Amino acid sequence: MDFGLTAEMLARIQFAFTVSFHFIFPAFSIGTASFLAVLNALWLWKRDEAYLQLFEYWKTIFAVTFGMGVVSGIVMSYQFGTNWSVFSDRAGAVIGPLMGYEVLTAFFLEAGFLGIALFGRKRVGDTLHMVAVAAVAVGTLISATWITSANSWMHTPAGFSIGADGTFIPEDWWAIIFNPSFPYRLTHTVLAAFLTTAFAVGAVGAWHLLKSSSNRQARIMFSMAMWMAALVTPIQIFVGDQHGLNTLEYQPAKIAAMEGHYESHPEGAPLVLFGLPNEAEQRMDLAIEIPKLGSLILKHDPNAPLEGLDAFPADGRPPVLVPFFAFRIMVGLGLLMLAIGLWSLFERWRKTIYTNAWLHRAAVTMGPSGFVAVLAGWYTTEVGRQPYTVYGLMRTAESLSPVDAPAVGASLMAFVIVYFLVFGAGVFYLFRLFRRPPVLNEDHELDRGPHRSAGINPGPAQEDTIREGAGHAD
Amino acid sequence: MPIDLPTIWAAIIAFAVLAYVVLDGFDLGVGILFPFFPERRDRDVMTNSIAPVWDGNETWLVLGGGGLMAVFPVVYATVLPALYMPIIAMLLGLIFRGVAFEFRWRTARGSSWWDIGFCLGSLVAAFTQGIAVGALVQGIEIADRAYAGGWWDWLTPFSLVTGLAVTVGYALLGATWLNLKTSGDLQARARRLSMVAGAATLVLIGVVSLWSPFIDQVYFERWFGWPTAFFSVFVPLLLAVCAIGLWHGLTTDKHLQPFLAALGLFVLSFVGLGISFYPYIVPGALTIEDAAAPDSSLAFLLVGAAVLVPVILAYTGYAYWVFRGKVDPGEGYH
């Protein structure tokens, strides 16, 4: 089971694999939790059944996603110890408390109120139910804050000293939490989560509009999603640009890899639109470039010098291939999102937003775009951090557990098999949920699911909701 | 007297692990008992009884793991590689049983497959957690802040017995939980299973308790030397009280008492482990003092824990209270 792969490579693949799967779920559940809170608030405020039905529709989808996020997250919290024990030992005193606060302030909040938010409406009344829904949404945001802080610290470490035994000793928690890249990374990540949800919700709405453009719930979700796309995408592009400037300041080698500059450009760098990174020769083959634009974007001066990878020692350079292409995928998808957002504004102005089938088809196609962009962004930043786990201070090769390659390889295979089986099934069930029309009537049973409430039987509870829905419709 | 941060944190981590064991213990136990309830209808009630709370229960495991990394990083960094295979197996087991709650409702034909996944996942998670306890008791080889043993060191007759003991103990917690939360025929069967699992648990607690003093001289002296021998009378006495409480509760058809008695058995066994271990956190290798993170980490997280853990306990209690009472498979009440 060796395949010539070292334990380090296998551990890296295992981490990348498990974190990629995991990241998809919070990226979606952060946005969806806030979406549910907004829907529930709109229902309480306007008493319009359509919002309640949308809440019920998306809460089931949220429940499935959240469950997968929780279990894949537990894996992450133990993998630092199993595969990266030297990193855990040396950086645990800094990273650990940040993750500890994530558990204390976020995970318990989400988990504690999830049952009430999903299935306790009738047990606790509207006000407390709203509190529970809001608590879950706030919990997901708090969680994002802490984990992004921990991750940012690994990119731009601050506020520590290094002890005699090589361990990182926290000195200034304020500086650790609010390390230099944290504000950019947090904003960029949370907006990405909102956009991911917006495009998923927009795609489901568009899909049902293509079937029936008069479906009121489909109209509401499509409209809300397109507002989000139109308003948030430009902000996200701006934040992404600011994040890039921050990276240039603290991790210039990563920028060189992302931009595809093997060579330094003392008199203004071009923008490499496309090329094939040639690691062996340390140059970009078949490069298509726009002169001076790279320096103009990054330094706001077409003639400003820009360092290439040749400015860094050979053993301190990140690989180019992954950051270069992943970055282009992320930016390309961002521009497509912007296009859809602007298009929706145009159709809204023409009053054809609910009837223009081409817009709807485009929105359906863009459904997975947020997930792909989030993962591409993740690869850009994480591979760009190589060859370090703690940037400039601790190498990935030094972070590894004293593990044997076969043990890591075997567990990697087990994860691959189980993840594809379990999360494959999960995605299949999600698509089945998406396919249901977002209306509640006798023909389309809206929910069948674990009834998270003692004493209330799924069957009668459901019939009640249906009867109430029908009553209001009369 | 200065505040001894490492000891406080050892107590908090111990509390988190104990909270995890008793809370997730009963919902893992429900999964372990699935083969005894082949009817879909019964299984729906069983999963519904734990669906609102399993997520919060499992969060204690994350607190135990994440907290360990924060305040005793070297323990986290040595114990996890030592238990590499059981930990991976536990994680995979938890994945299956975690998603099964949702997935078994999303498919008519596939639901029995997710039931199997739920049951096997629960079994594997319980068994590997028991193995982890056994492996810790028998000691972990550490050199220069890193695990220095082999990949199969955890696998011994003793750890297999502790694995079995925890699995059977969780089944007892699950059975007494079902006795509390269900009614009718389902409850009657849960009560009978509680008796069987209760007897088996007591036997296994006895075996492990008598075996472990002979694994290490330290444990032997701790349990049979003065003044600590005081505990070796005290703990079995309380165990007997819980056992009688369990038996009495089950034979007189009490609903809450057997569950509380089963919890008591776990708490006492856990206290027993603590007595054996102290002042070590990894027996024979790392003391609480040696393993602690710098005071700056301990103090920073303690501020949060002191405020938040009581708050968490309060709203977790509230969530249990909201979903109190029997799961009624028949007519609902509103």
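We count from 1, first residue shown onward.
In case you wondered, yes, glycine gets a Cβ from its N, Cα and C as well.
Listed in TrEMBL for this protein:
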TRANSMEM  B:12-37  transmembrane segment
TRANSMEM  B:83-101  transmembrane segment
TRANSMEM  B:113-137  transmembrane segment
TRANSMEM  B:157-180  transmembrane segment
TRANSMEM  B:192-211  transmembrane segment
TRANSMEM  B:223-247  transmembrane segment
TRANSMEM  B:259-278  transmembrane segment
TRANSMEM  B:298-323  transmembrane segment
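Listed by sequence, the residues of this chain that lie at least six past the ends of the transmembrane segment (B:12-37) yet keep a Cβ under 8 A from its Cβ atoms are 43, 46-47, 49-50, 53-54, 56-58, 60-61, 63-64, 67-68, 71-72, 97, 115, 118-119, 121-123, 125-126, 129, 167, 169-178, 186, 189-190, 193, 259, 263, 266-267, 270, 274, 302, 305, 309. Contact counts against the transmembrane segment (B:259-278), taken as Cβ pairs under 8 Å, peak for B:192-211 among the stretches B:83-101, B:113-137, B:192-211, B:298-323. Long-range neighbours of the transmembrane segment (B:157-180) within the same chain, counting only residues 6 or more positions beyond its ends whose Cβ lies under 8 Å from a Cβ of the stretch, are 22, 25-33, 46, 49-50, 122-123, 126-131, 133-135, 137-138, 186-187, 190-191, 193-194, 197-198, 200-201, 204-205, 207-208, 211-212, 215, 246, 250, 255-256, 258-259, 261-263, 265-266, 269. Listed by sequence, the residues of this chain that lie at least six past the ends of the transmembrane segment (B:192-211) yet keep a Cβ under 8 A from its Cβ atoms are 33, 36, 158, 161-162, 164-165, 168-169, 171-172, 175-176, 179, 236, 239, 243, 246-247, 250, 258, 262, 265, 269, 272.
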